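Peer 1: Let me give you the structure first, and then I'll get to my questions.
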Amino acid sequence: MSNAITMGIFWHLIGAASAACFYAPFKKVKKWSWETMWSVGGIVSWIILPWAISALLLPNFWAYYSSFSLSTLLPVFLFGAMWGIGNINYGLTMRYLGMSMGIGIAIGITLIVGTLMTPIINGNFDVLINTEGGRMTLLGVLVALIGVGIVTRAGQLKERKMGIKAEEFNLKKGLVLAVMCGIFSAGMSFAMNAAKPMHEAAAALGVDPLYVALPSYVVIMGGGAIINLGFCFIRLAKVKDLSLKADFSLAKPLIIHNVLLSALGGLMWYLQFFFYAWGHARIPAQYDYISWMLHMSFYVLCGGIVGLVLKEWNNAGRRPVTVLSLGCVVIIVAANIVGIGMAN
């Protein structure tokens, strides 16, 4: 396995670790509605950071974006909006299925759809089947899916042992939302594929290969921001128990406390895709679809590890922890299989 591929896998791991940890600061926010908290964090992660970093990277910010036709920018934006819809469905999936089943189904579907649809759309899926390296990477995707399933099973055992139940368990509604979440969340993978002309243009301007994907985030995350912020602002305006004015009428120290924590959560959320871009840059072009598989499987892996570190599994008993550990090992094996396949 080459050093470039190894570093690509490593940066995807770092990005996934940030994704697994990003909600921790949000949990410390006090006396704010989820909608206000999510909006503040989202403004930082989807608007401020993408724009600021792109302004630093590009020699001429406005000239870069105005150089693209609407036919180039629109698919990137719409796939970003698609991914934003997946974000909203993710929370509803947890509500009706519970954390473990919801995450397992949603992540499993988005891993498959986001990973395999890209080479199918690009018309080179047959190359993957007909080459040794391609077959090896596909095997890695299958093993990763098995690993996600094992971790999901561990979560179910933990919830059963600790008496944790879904907020409003509804299997039929939850499954529909989980499938929708999985499909729509793959929009980020499709957006990255559609944004290749933007990456190439950034490279032509002399942007370092590690950073060429970052300017496209202005458009991708702009699509996601409109969906997420629109959802939050509509709820803040229409739901009687929610009030943006009330949330910002608290004592000044508490407002500052909440804003800083929400901004930190937004920063950590953005960093997952900052390092995703670094990892994506190190993956061989013919296997760039594997970036999504690495990100999502490492997200599940890091989520399990973070749960152990935060002692969330302390009262779950030995069996759930053993199953979780097995699932984490399987995901690590999957990453190595994919790495070997890409090296071939």
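Just so it is clear, glycine is given a Cβ too, placed from its N, Cα and C backbone atoms.
I grabbed these lines from Swiss-Prot:
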TRANSMEM  4-24  transmembrane segment
TRANSMEM  38-58  transmembrane segment
TRANSMEM  68-88  transmembrane segment
TRANSMEM  101-121  transmembrane segment
TRANSMEM  137-157  transmembrane segment
TRANSMEM  175-195  transmembrane segment
TRANSMEM  214-234  transmembrane segment
TRANSMEM  259-279  transmembrane segment
TRANSMEM  290-310  transmembrane segment
TRANSMEM  323-343  transmembrane segment
Peer 1: Below 8 angstroms Cβ to Cβ, which residues of this chain, lying six or more residues outside the transmembrane segment (323-343), approach it?
Peer 2: 1-2, 5-6, 9, 13, 132-141, 143-144, 146-155, 157-158, 283-284, 287, 290, 293-294, 297-298, 300-301, 304-305, 307-308, 313
Peer 1: Cβ under 8 Å, sequence separation of at least 6 from the ends of the transmembrane segment (214-234): give me the contacting residues as numbers and ranges.
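Peer 2: Contacts of the transmembrane segment (214-234) (Cβ under 8 Å, skipping residues fewer than 6 from its ends): 35-36, 38-39, 42-43, 45-47, 50-51, 53-54, 57-58, 64-65, 73, 76-85, 87-88, 188, 191-192, 195, 198-199, 202, 207, 273-274, 277.
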Peer 1: Does the transmembrane segment (4-24) come close to the transmembrane segment (175-195), meaning at least 3 CB pairs under 8 Å for residues 6 or more apart?
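Peer 2: Answer no: the transmembrane segment (175-195) and the transmembrane segment (4-24) share fewer than 3 Cβ pairs below 8 Å.
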Peer 1: Cβ under 8 Å, sequence separation of at least 6 from the ends of the transmembrane segment (101-121): give me the contacting residues as numbers and ranges.
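Peer 2: Residues 86, 89-90, 93-94, 127-128, 141, 144-145, 148-149, 151-153, 155-156, 166, 174-175, 178-179, 181-183, 185-186, 188-190, 193, 288-290, 292-293, 296-297, 299-300, 303.
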Peer 1: So which of 4-24, 38-58, 68-88, 137-157 is most in touch with the transmembrane segment (290-310), counting Cβ pairs under 8 Å?
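Peer 2: Comparing 4-24, 38-58, 68-88, 137-157: 4-24 has the most Cβ pairs near the transmembrane segment (290-310).
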Peer 1: Which residues, given as numbers and ranges, are at least 6 beyond the ends of the transmembrane segment (38-58) yet have a Cβ under 8 Å from it?
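Peer 2: For the transmembrane segment (38-58), the nonlocal Cβ contacts are 26, 64, 202, 205, 207, 211, 214-215, 217-218, 221-222, 224-225, 228-229, 232-233, 236, 258-259, 262-263, 265-267, 269-270, 274.
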Peer 1: Should anything in the same chain at least six residues away from the transmembrane segment (4-24) have a Cβ under 8 Å from its Cβ atoms, list it; otherwise answer none.
Peer 2: 265, 268-269, 271-276, 278-284, 291, 294-296, 298-299, 301-303, 305-306, 335, 338-339, 342-343
